[in-house]
């Protein structure tokens, strides 16, 4: 958050209390799609410590049983807010448990599609809805109506699929409206937020720009200066442009060329940010320093840590060279944190097990005694992209595929050398170039080439060769939690493979990775 004033105090907000469901973040996403601001907090949130009043409250699903000894329960103060409440799956069972304990194990678990039968279509929650497919994911069920409630919807296995309090705007549903499998789920969520909570649909990036610029100016004040690392990716570019709009040249961006960036990346980023966007940028070539520390290292986790630690060292050293004018002082560090990062840190089930170390600049705060400023921390990725376009950032940059913090170092499997990096980045450049020529770039979520630590026999002209292997990867995904490989035409892969083998010295063979996530991860390392 950029300044002391919370976004939830500036826009009508729906509070989503998370009981640990894998779908909880989708509730927030769906409401944002209707231009309604929604904020997710753990189910243990004390209402007295909230600091703002929501227009409505949604209780998410969760993997627990409400009757278990260690089951999480909501602060009963939500009922004193006198705002509409919607319980989803576990959230409905929580409402029932509080009002009569009519919850227990079901005769059979219910996972997958079911048919919702609306029996009271006069109720505003189901306005515009009829019998439809909904997504179930529960083992417990209501064994009777909680005190003061009536039934408004059923399914074949759930006689209490939808319930409502007879005198208060408190609703419960057994299914998950937030997932796409519930065909009219979006309608239900909109009915709740707009018709029942009367939340204004004014959460737009157009409104956010002015609000956030004012917050930044209040926080930074008229004299303090800000530094931040940029990578050429959408998050750091949007954050940097927003900061520049707010405080001008008092923001200092630093691009560290670590020797494992994409082909011509440093030069291209400098041209875009300085000439195109007017960002005050320093480019530091530390490629030899990074590559020397990576010499002989093959373990991917060690690569990530070496690059992360070296980055902090280089960034600190270069930041000390910045001398603000008129006795001004650098007091803040800009970071492009997004809302999914915030959700992961505050989710009731806590941060998930670390599969790979993520590259960030968290260590800089303690070392440099700076305060953190995160202007994008309330935004999802799609909102950041929209914001970037409104700020005049080129379309190609705004919709660029993700690139890992450790860069090509984790796309060169095995030891990272200057020569190996060059092979990988040239192959990657050809691959992305052909994807764009074919008009496929925006259909693919992420694509890249990586260099394998094996050699293969080949024939070039009349000569036998024994060179390296490139693996191509392209995936489709909506959330990067799961992903499927992209089904290229064979003719496209043939063209890319031919170009790479003929134009990149040291490559004898090209393969295409057709592994989904899971079991594989998106990156090879």
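Heads up, the Cβ atoms here are built off N, Cα and C, so glycines get one too.
According to Swiss-Prot, the domain 'Glutamine amidotransferase type-1' annotation covers 13-202.
What Swiss-Prot records for 89 is active site, nucleophile, and it gives sequence analysis as the kind of evidence. All protein chains included, residue 89 (active site, nucleophile) registers 25 other Cβ atoms within 10 Å of its own Cβ.
Here Swiss-Prot flags 176 (among others) as active site. DSSP classifies residue 176 (active site) as coil under the three-state reduction. Remark: residue 176 (active site) has 21, 23, 61, 88, 89, 134, 135, 136, 137, 182, 185 as non-local neighbours, by Cβ distance under 8 Å and separation of at least 6 in sequence.
Residues annotated as active site in Swiss-Prot, with sequence analysis given as evidence: 178 (among others). Proximity of residue 178 (active site) to non-local residues of its own chain (separation of 6 or more, Cβ distance below 8 Å) is seen for 23, 26, 27, 29, 30, 88, 185, 189, given in sequence order.
As annotated by Swiss-Prot, domain 'GMPS ATP-PPase' applies to 203-400.
Cβ contacts within 10 Å of residue 234 (ATP binding site), excluding its own Cβ and spanning all protein chains shown: 22. According to Swiss-Prot, the feature ATP binding site maps to 231, 232, 233, 234, 235, 236, 237.
Its Cβ placed at the centre, residue 241 (ubiquitin cross-link) has 23 other Cβ atoms within 10 Å. Feature annotation from Swiss-Prot assigns ubiquitin cross-link to 241 (among others).
The annotation XMP binding site is assigned in Swiss-Prot to 304, 462, 517, 523. There are 16 other Cβ atoms within 10 Å of the Cβ belonging to residue 517 (XMP binding site).
According to Swiss-Prot, the feature ubiquitin cross-link maps to 426 (among others), an assignment based on a large-scale study or a structure entry. Its Cβ taken as reference, residue 426 (ubiquitin cross-link) is surrounded by 19 other Cβ atoms within 10 Å in the chains shown. Residue 426 (ubiquitin cross-link) falls within a helix when secondary structure is assigned with DSSP.
Between the alpha carbons (Cα) of residue 231 (ATP binding site) and residue 517 (XMP binding site) lies a span of roughly 26 Å. One way to see the shell of the ATP site is to take the Cβ centroid of 231, 232, 233, 234, 235, 236, 237; the remaining same-chain residues with a Cβ within 8 Å of it are 230, 238, 336, 397, 400.
Note: the Cα of residue 517 (XMP binding site) and the Cα of residue 236 (ATP binding site) are spaced 26 Å from each other. The average pLDDT computed over the domain 'GMPS ATP-PPase' (203-400) stands at 88. With a 10 A radius on its CB, residue 235 (ATP binding site) counts 21 other CB atoms from all the protein chains. Under the DSSP three-state reduction, residue 232 (ATP binding site) is assigned to coil, being neither helix nor strand. Long-range neighbours of residue 233 (ATP binding site) (same chain, six or more residues apart, CB within less than 8 Å of its CB): 400, 402, 403.
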